[in-house]
Amino acid sequence: MERTLSIIKPDAVAKGVVGKILDRFESNGLKIAATRKMQLSRADAEAFYAVHSERPFFGDLVDFMISGPVVVSVLEGEGALIKNRNLMGATNPKEAEAGTIRADFAENIDANAVHGSDSLENAAVEIAFFFSEREIS
């Protein structure tokens, strides 16, 4: 069964829309195989987003991701990765289709409510960053 990682970012957690976002996943055929609410440390955020370390937005991204708690989930199902990408919508909420998570809950390209794995290879790495195999059911 295909798996992908979702992070509900601090802006969406602060707005109290975690339940609505998790419901979107389940309503669209994705099983929540593991989930936890946590506060990322600076080291966690820097390690998780290390692929972006040379990009000009890296510092702001890390600061944002440690600004409040996040909800990290493993989503499972047929076509889980692309299904989650479609549910999230475009990275920039102004470009996201109506009815997507980002169109409905995100403020801007920085505070854009959710993160989702962009490939199956990255999904495996990202899932292992947050969860051991025994924590996923």
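Including glycine, each Cβ sits where the backbone N, Cα and C put it.
Feature annotations, reproduced from Swiss-Prot:
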type     : residues                                  : note
ACT_SITE : HIS115                                    : active site, pros-phosphohistidine intermediate
BINDING  : LYS9, PHE57, ARG85, THR91, ARG102, ASN112 : ATP binding site
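Looking at THR91, ASN112, the binding-site residues in this record, the fewest other C-beta atoms within 10 angstroms of the C-beta turn up around THR91. A separation of roughly 15 Å, to the nearest angstrom, links the Cα atoms of PHE57 (ATP binding site) and HIS115 (active site, pros-phosphohistidine intermediate). Rounded to a whole number, the C-alpha distance linking LYS9 (ATP binding site) with the residue listed as 'active site, pros-phosphohistidine intermediate' is 7 angstrom. Between ARG85 (ATP binding site) and HIS115 (active site, pros-phosphohistidine intermediate), the C-alpha separation comes to 9 Å. Of the listed recorded positions, namely LYS9, ARG85, ARG102, HIS115, the sparsest Cβ surroundings within 10 Å are found at ARG85. Cβ-based neighbour count (10 Å, all protein chains) for PHE57 (ATP binding site) stands at 12. Secondary structure from DSSP puts HIS115 (active site, pros-phosphohistidine intermediate) in a beta strand.
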